[in-house]
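Engineer: Annotation comment: Swiss-Prot describes 63-73, 103-116, 125-134, 170-183, 225-249, 257-267, 294-311 as compositional bias 'Basic and acidic residues'. Residues or ranges marked as compositional bias 'Low complexity' by Swiss-Prot: 76-90, 190-204, 316-334. Residues annotated as compositional bias 'Basic residues' in Swiss-Prot: 335-345. Under the heading domain 'tr-type G', Swiss-Prot lists 448-617. Annotated region 'G2' per Swiss-Prot: 482-486, in sequence order, evidence recorded as similarity to another entry. Feature annotation from Swiss-Prot assigns region 'G4' to 557-560.
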Amino acid sequence: MSKKRLHEIAKEIGKSSKEVVERAKSLGLDVKSHASSVEEADANKIASSFAAGVTKDAQAGSAKDKQVAEQKAKAAKATTPQPAAATQEASQPVAVKPKSRNFKAEREARAKEQAARRQAGQNRSNDRKSDYRQLGRSQGQQTERAGHKSQNQQRDRRFDNRPSSGNNRNDGHRQAGNRDKNRSFNANSRQQDTGRQGQTQAGAPKIDFKARAAALKAEQNAEYARQRESRFREQEEAKRLEQQARQEAKAAALKAQTEDKKHREASAKATEPIASMAAAPVAKPVDKRRKKQNRPDKGHDRDHGLEDGQKKNKKSWNSQNQVRNQKNSNWNNNKKNKKGKHHKNSNTAPKPVTERKFHELPKEFEYSEGMTVAEIAKRIKREPAEIVKKLFMMGVMATQNQSLDGDTIELLMVDYGIEAKAKVEVDEADIERFFTDDSYLNPENIVERAPVVTIMGHVDHGKTTLLDTLRNSRVATGEAGGITQHIGAYQIEEAGKKITFLDTPGHAAFTSMRARGASVTDITILIVAADDGVMPQTIEAINHSKAAGVPIIVAINKIDKPGANPERVISELAEHGIISTAWGGECEFVEISAKFNKNIDELLETVLLVAEVEELKADPTVRAIGTVIEARLDKGKGAVATLLVQQGTLHVQDPIVVGNTFGRVRAMTNDLGRRVKSAEPSTPVSITGLNETPMAGDHFAVYADEKAARAAGEERAKRALLKQRQNTQRVSLDNLFDTLKAGEIKTVNVIIKADVQGSVEALAASLLKIDVEGVRVNVVHSAVGAINESDVTLAEASNAVIIGFNVRPTPQARQQADADDVEIRLHSIIYKVIEEVEEAMKGKLDPEYQEKVLGEAIIRETFKVSKVGTIGGFMVVNGKVTRDSSVRVIRDSVVIFDGKLASLKHYKDDVKEIGNAQEGGLMIEGFNDIKVDDTIEAYVMEEIIRK
């Protein structure tokens, strides 16, 4: 149902908003002001409540009008012949349900009525001539017009008895008399005919419009008067209540003042016996406000002032303003204090001297090298001046801000009789100690935590599909080539318990990422395809899990395929030490179908059972520690790191050290992309606020304050740089021959830029493993982010090839690369990168395919068509877009899709190409996630002959 605001209801019924709000509150509705909304039924209830009150007032006032209307109706009935039965039924007044008055509608009706009367008066002179002609008409026509007049009079009576709307139509008028002639008349001609009939027939009653208008105006004025009177009464009542509240507050203040006065008199009487015991006479009470004007005598000392009465009563030559200025002047203060520093004002009682609290010296003192005198004084609860004095007696000249060595501190503590102990220095930059030593955990606060489960297996065995089924999402559709290329962490809930899943890539290049996933996991789900069996990466995942000491749950996937053979998988895994519990082993085996959601619940129950056996615990009260799952550089947010909290609770604004970087947690999002303020153990979150992008696999720890975190992060970065410099191999006599031999080897210099840190590591490791005799790969630089001008400059200086993985160069970098003749290779699948570099090293690039960019277009608008897909309306900003070209969808300098065009149109026509500065529409095969401001890059692969 629709809602209405109270001020709209007030406007419709002609009441003030305040009255409507009060009436709504009296009806039990929950409203606050005139802007509150109510349902339509409640609005009708409010309007009807006002209408009921108005009807009662109007009934008494309009009794005379009703009597006059009844007399007119009787006269018309007597003089008018009886029309047809249908006309009588139509002309009867309709019983109208009493409504609330609408003054606006009444004013409009009166205006229309007055306009009609003026028009009728102007046409009377012209109508007199036509009246003589009408006397010769037939009796049937006269009867018909008499019926019209009777109907119009009845319509006027209905107009008097209900609010007029100005659009009332006399339907009965159309049913009587000559229908052919009446259809040609409009509303004005009918009114003129009715007026003429009134002139020709002397016996017909006339309507007194002036009397009726005066009655309406009087009724409206009475209503306005009632409203003004009610508002005046409300204002008077509010003033009375306000005055009453002020009087009550004043009475309460007077009562409190009287009680305070009585209390002071009682306390003064209680102190009189004590004062009488003293030898001095009782002094009169002195007004406190006058004490400020009394000034101390200017005697040289107290005795002299007491002996000499003239000097005691002598006024200062300075006026009161000068004395006040002397208080604000340091020079005058010093001068006057020298004269009368011992003199006290006789009117003020002496203030008691606060005694210094005595603090016991500590029995032991733990010091660190370089402590200052002020720090030592604060620790042993002594004044710095006292310690400086002791040091001076020992022959050491020091100030309170001067640092002391260990021997001096020990001698000082011996003088005080305190046992001094040197503080054991803890390397604050070493965050690895939190992962090896559990002594900082409180056993009373340790609670159960969610298990961290890593899904491992060979390429395309269904790892991401299984996780997709668990999360009811479509993660697998976003991976280029159908393989997962960087780790993802997600959390689901099963049977009231949370489970954290880590999805690792299965490709051989991502060995380090799989090892990293095994190091932070609690349970490993080894997924094996029932039709493929055990593959190389399956064996590698088994070795990683065994090295980490993690229990393994085997999920035999794709059992729905015709060639599935789970028994063969079980026997092959038994050869590698993975024995099923059915065969007497320790590993759980579950046959599933991730695609058709078969036995997924059984797999989750097995995970919870193994987690319960492992007894996974954590302390959520300590400062958080954990591991970096993934890190990347976002264009708008900066460094973004995906963290897995292992101990403690991570909060927003926590100072944190992540690997060799530091910062403060500015924002934190969970796996669903929602902002969170805290993350408990076993929870994956993405954070921002780091000064640099950390490395995937680094540990992180939260520090007490930002100063300590900054110091630890800078120290760790310094140590990492020093270690990198020490690893530089220097030429010696022993390796001289190897160095000369290496100089003959040709090198392929590459610069690697990728979207995430894990992809950078995997790509660099894969390229370095390529073994081609006489050629080796040299990774000059690797980083996260888009290809920029600095990368092009470095590539030109080192004669290197830039390899971009899921990133794009900036327009400035592309222009500089074209000018400097620097080659940029862009890829989205790691297979292609390895194959291309390997064949380049082997010299098997004949023929060679070179990418040629045809043009770029910007998406201006998108249109979603059912059963067709998403159509992107674009404008070509550079070059052209052809029908047979391949396209890349670039969003924030990151390639999100690479494919072919499904259609290319200019308006409604299919075209082969669209040139520069032209608009068109396109559809991309297998991709509907086109958004406004996406960049569409059209390119073709041209075959060139290697020279």
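Any Cβ shown, glycine's included, is placed from N, Cα and C.
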Engineer: From the DSSP assignment alone, can you count helix, strand and coil residues within the compositional bias 'Basic and acidic residues' (225-249)?
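Structural biologist: Residue counts in helix, strand and coil order: 25 helix, 0 strand, 0 coil.
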Engineer: Please list, for the region 'G4' (557-560), how many residues fall into helix, strand and coil according to DSSP.
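Structural biologist: Split by secondary structure, the region 'G4' (557-560) comes out as 0 helix, 1 strand, 3 coil.
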Engineer: Where does the mean pLDDT land for the domain 'tr-type G' (448-617)?
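Structural biologist: Average per-residue pLDDT within the domain 'tr-type G' (448-617): 78.
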Engineer: What are the helix, strand and coil residue counts for the compositional bias 'Basic and acidic residues' (103-116) according to DSSP?
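Structural biologist: Each residue of the compositional bias 'Basic and acidic residues' (103-116) counted once, the result is 14 helix, 0 strand, 0 coil.
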